[in-house]
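Student: Input: one structure, supplied below.
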Amino acid sequence: MYSAAAAASPPRRDFISVTLSPEEAVGAGGYNNSKAWRRRSCWRKWKQLSRLQRSVILFLFAFLAVCGVISYTSMGEPWKSLTNKSLDDQRTEPGIPGLKLANPAVLPAPQKADANLGDYPELSPQKLPKPSHVRRGPSNLQIKPPRRDVRLKTRHGTSRVVEELVQADKEEKTEKSVISWRGAVIEPDQSTEPPSSKIKEPEKPSSVEDVDQKEPVPINERQMAVIEAFRHAWKGYKDFAWGHDELKPLSKSYSEWFGLGLTLIDALDTMWILGLKEEFEEARKWVANDLVFDKNVDVNLFESTIRILGGLLSTYHLSGDSLFLEKAKEIGNRLMPAFKTPSKIPYSDVNIGRGTAHPPRWTSDSTVAEVTSIQLEFRELSRLTGDEKFQKAVDEVMKHVHTLSGKNDGLVPMFINTNSGQFTHLGVYTLGARADSYYEYLLKQWIQGGKKENELLEDYMRAIEGVKKHLLKRSQPKKLTFVGELAHGHFSAKMDHLVCFLPGTLALGAHNGLTADHMKLAEALIETCYQMYAQVETGLSPEIVHFNLHAQKGHKDVEIKPADRHNLLRPETVESLFYMYRFTGDKKYQDWGWEILQNFNKYTRVPTGGYTSINNVQNPSNPEPRDKMESFFLGETLKYMFLLFSDDIDLINLDKYVFNTEAHPLPIWAPA
């Protein structure tokens, strides 16, 4: 039985088949290839990994992300620079190699006064309100310095941040630390070489006449008073001294110094800024037809540079007229023989016709101010012409002076020998005549060159510390802060009116990122300079004052000696008032300038035309006119008056222009 039943059973199978409906499979949690099921499956697998395995995987993902960011940064910057270069090439001025204009001849609206201030708390932009009109004055120049290996990005009126155009692996090798000087923190350009290392092809500015002008900036009442004063002075010059150096308004004649039309050339850019186009065109014709440098005459290197060369370069930039550049090149070449000395310290006098130079008859010395206050002009001439000889000559002077012994905490003596190249008359230190503009040009060259030349900044900062240590005192009874003089260890409470350039220079430095106590000192010193006017009977400052260091009954802070009580219509106080108002917006500086202008009109104005220097500022009934109108009255004093009374910060924007010591604005070199 058993064997038969076994033989009749069906064959054995090796597998089992089970059939489920779709609903049963899903309900039981089975696989259906859905996204939700895959996510749950991946999460189960992740949870099954050990903690070490999960940490390793997360680290690898983070590492790859960091590598991706670094690769993007290193590749993105060169690509961005190539793109910018392509855009710049498309915007190059036709027919002018090397000149690239961002919106040629169009002025961008200035940023608000507090723009980006939170990022740079120590820096103060220009404070005046933003005008709603296109401003009068120069075009928007993009001035390119010689070097192209770095690029600066400028925050309007605050600071410049350096950005290298190199691969990421080179940045650490070339990165430089910031300059820190007693609280001042400056971010320098990555290059410390002076701009003279490579001179580019000449560049041409655009003229403001090329743009579609909007409504002109309104001229206020005080500016109109300056224009009227200028026209009155110009009338006297035109009627009695046309083409000559200086007007003698009382005798209705003229005086000659160099025979080169100093007053006319000094006043060219003033006329342009004031909008006196008819007078400007008349003066231009004289420059084109009658200004001749090929004459047998000795000229002073310093005065010719700051007045003639500076005036021509400034007028070229404001007007775009190549006539003024050609004349600037000619006078620049004719002044070069002054540098043919054993020490490379230039002679004081040059015969521009014969091509010879010599020191004064009585000495082989030059004054320190004269040989170190021609740099802004010659450097700019090199940049425009592509001829590096001009800048090379003046840069050698600054490098030499930088290394000299005989300084006193940054303060320099007044004289330097053209044969030995050494300081002479050691032990006498002043910020007045023969030394003043040395300190001014240290700062302004640093600004002009894009804040790269650190030696200039170091010398300037050290000198200001020397002023504080040795020359700064307070008077009685009003405790006015003033700058005296030091002679062989003995302090003198004597202060030239020339020293009143210092408040404006200090304010300019503070605006460009230097330590804030420079602005505090500027505020104290401009008060003193104003009191040099306010405490005098005519309301006009004498050439030199002495301050009382001890309180005396019936005595003011200011004492005036008979030999010092003349007034030459000088600009220094008005210059500093302009800087102080531009950077602070405090209306009192405008009011002080208005008082000075009114007193000029009251005591120095000549009815038939012109203004005259006076011999006695202490005698209102008879100020004793000297019968001479200095060229700087039109070139500097009235120009700074007009700018002081303007609320338009783009009327010679101080983030784009730097004034030479004769008030001729020259462009700050834009980054490459």
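Just so you know, glycine gets a Cβ as well, placed from its N, Cα and C.
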Student: Among Cys67, Cys529, find the residue that TrEMBL gives as the disulfide bond partner of Cys500.
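Tutor: Its disulfide partner, as TrEMBL records it, is Cys529.
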Student: Work through the recorded positions one by one (Glu303, Asp436, Glu543, Glu572, Thr661) and name whichever has its CA nearest to the CA of Cys500 (disulfide bond).
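Tutor: Nearest candidate: Glu572.
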Student: In the structure shown, which of the active-site residues Asp436, Glu543, Glu572 has the fewest Cβ neighbours within 10 Å?
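Tutor: Output over active-site residues Asp436, Glu543, Glu572: least Cβ neighbours within 10 Å is Glu543.
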Student: Quick one: which of these active-site residues, Glu303, Asp436, Glu543, have their CA within 10 A of Glu572 (active site)?
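Tutor: None, since no candidate lies within 10 Å.
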Student: Of all the recorded positions given, namely Cys529, Glu543, Thr661, which is spatially nearest to Glu303 (active site, proton donor) at the Cα level?
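Tutor: It is Thr661, whose Cα lies nearest.
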Student: Can you tell which of the recorded positions Cys529, Glu543, Thr661 lies nearest to Asp436 (active site) in space, using Cα positions?
Tutor: Thr661
Student: How many Å separate the Cα atoms of Cys529 (disulfide bond) and Glu543 (active site, proton donor)?
Tutor: 12
Student: If you count, for each of the recorded positions Glu303, Cys500, Cys529, Thr661, the other Cβ atoms lying within 10 Å of its Cβ, which residue has the minimum?
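Tutor: Each of the recorded positions Glu303, Cys500, Cys529, Thr661 was scored by Cβ atoms within 10 Å; lowest is Glu303.
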Student: About how far apart, in whole Å, are the alpha carbons (Cα) of Glu543 (active site, proton donor) and Thr661 (Ca(2+) binding site)?
Tutor: 18
